[in-house]
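Enquirer: What follows is a single structure, and I will ask about it in a moment.
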């Protein structure tokens, strides 16, 4: 019986790359694996898929196959045959297919277990707006794991040392077989460390690390804002058995301010003015983060008008120009008026009457003219 083309076996084109070949192989190997497929021809198809994969993922064998076809691997042709006498090691195949899950890129082979780097930590820091804009130094206390001083982080009592695990021979992993299946898992004897501590340190009980609250000084750069993160390298948890420590990330949150709101590099505030000043003009004192300044209020200023004070905002921690302070004027209505004051206001209002009223209250005139037109249209 003639042999099928290897590209046809895997269902890929002749221009397929190694990634596509491997993807097709995994899919077909799972489909025809004898432990999953009880059909009579499943084993033969499985062997065929395995052989095609081995040839097409070996650069030299693939080049020979592309030039000579199956003849390149027939006995006596100098190609050396397909290897393995046409048999298939289902345990190895399982490792190839699931190696990235159980054994990493090593295709299910044992890998040296290393002491793990320490975990990163996060500290939430609240700053006032002034602290965030100007920068400051803060002292913080962080509960963490540090290397044990008694054993220098080894976990073993002074004068002793850890020995190689006899179960995994220092690899940290063992292979468990169930029928055709081969699965790698952490060594149950040394818990994946590859070493056994027979005489543990009394201070850390063989862990190499102890709990401690560290006091750290954190320098906050000027211009930080909510959401910014400051990294303190090596100030996280100590690593296992002398491995590098993790990092500490200080997460910044800027508290609300009683006067200012921040948006990027700009600051916003509301400035109340009397209706008299809004009408006739004047000056009002405005606070900034660098002191007080006077803002000129033009006559006939309406409530909600914005005034920009350039360079009175924030300089970003990332550099660039300083932002602006944007002041929104709010005209206050007087309250707690005496009878005399109310009479004076009524006289002022009456002085706006007559045909010239519109020029004193342009928005009111426009509004009421619009209302009149609206009802005229409804009834017309």
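Here the Cβ of each residue, glycine as well, is placed from N, Cα and C on the backbone.
The Zn(2+) 1 binding site annotation in Swiss-Prot covers 148, 151, 201, 204, and the record cites sequence analysis as its basis. Residues annotated as Zn(2+) 2 binding site in Swiss-Prot: 165, 168, 187, 190. Under the heading domain 'J', Swiss-Prot lists 5-69, citing sequence analysis as support. Annotation comment: Swiss-Prot describes 148-155, 165-172, 187-194, 201-208 as repeat 'CXXCXGXG motif'. Annotation source Swiss-Prot lists zinc finger at 135-213.
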Enquirer: Same chain only, please: residues at least 6 beyond the ends of the repeat 'CXXCXGXG motif' (148-155) with a C-beta under 8 Å from a C-beta of the stretch. Say none if there are none.
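Expert: The answer is 161-162, 197, 200-204, 206-210, 238, 241-242.
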Enquirer: When you measure from the Cβ of residue 190 (Zn(2+) 2 binding site), which residues in the chain that are at least 6 apart have a Cβ under 8 Å away?
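Expert: Sequence-distant Cβ neighbours: 165, 167, 168, 172, 196.
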Enquirer: What parts of the chain pack near the repeat 'CXXCXGXG motif' (201-208), using Cβ distances under 8 Å and only residues at least 6 beyond its ends?
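Expert: Sequence-distant neighbours of the repeat 'CXXCXGXG motif' (201-208): 147-151, 153-158, 238, 240-242.
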Enquirer: Other than 148, 151, 201, 204, which residues of the same chain sit close to Zn(2+) 1? List them in sequence order, counting a residue when its Cβ is within 8 Å of the Cβ centroid of the site.
Expert: 149, 150, 152, 153, 154, 155, 156, 157, 200, 202, 203, 205, 206, 207, 208, 209, 210
Enquirer: Expressed to the nearest Å, what is the distance separating residue 187 (Zn(2+) 2 binding site) and residue 148 (Zn(2+) 1 binding site) at their Cα atoms?
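Expert: Their Cα atoms are separated by 25 Å.
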Enquirer: Work out, from DSSP, the number of helix, strand and coil residues along the zinc finger (135-213).
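Expert: Across the zinc finger (135-213), DSSP assigns the residues as follows: 0 helix, 35 strand, 44 coil.
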Enquirer: With DSSP as the yardstick, break the domain 'J' (5-69) down into helix, strand and coil residue counts.
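Expert: Counts, helix then strand then coil: 46 helix, 0 strand, 19 coil.
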Enquirer: What is the total of other Cβ atoms whose distance to the Cβ of residue 148 (Zn(2+) 1 binding site) is within 10 Å?
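Expert: Residue 148 (Zn(2+) 1 binding site) is surrounded by 23 other Cβ atoms within 10 Å.
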Enquirer: What average pLDDT is reported by the model for the domain 'J' (5-69)?
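Expert: On average, pLDDT over the domain 'J' (5-69) sits at 85.
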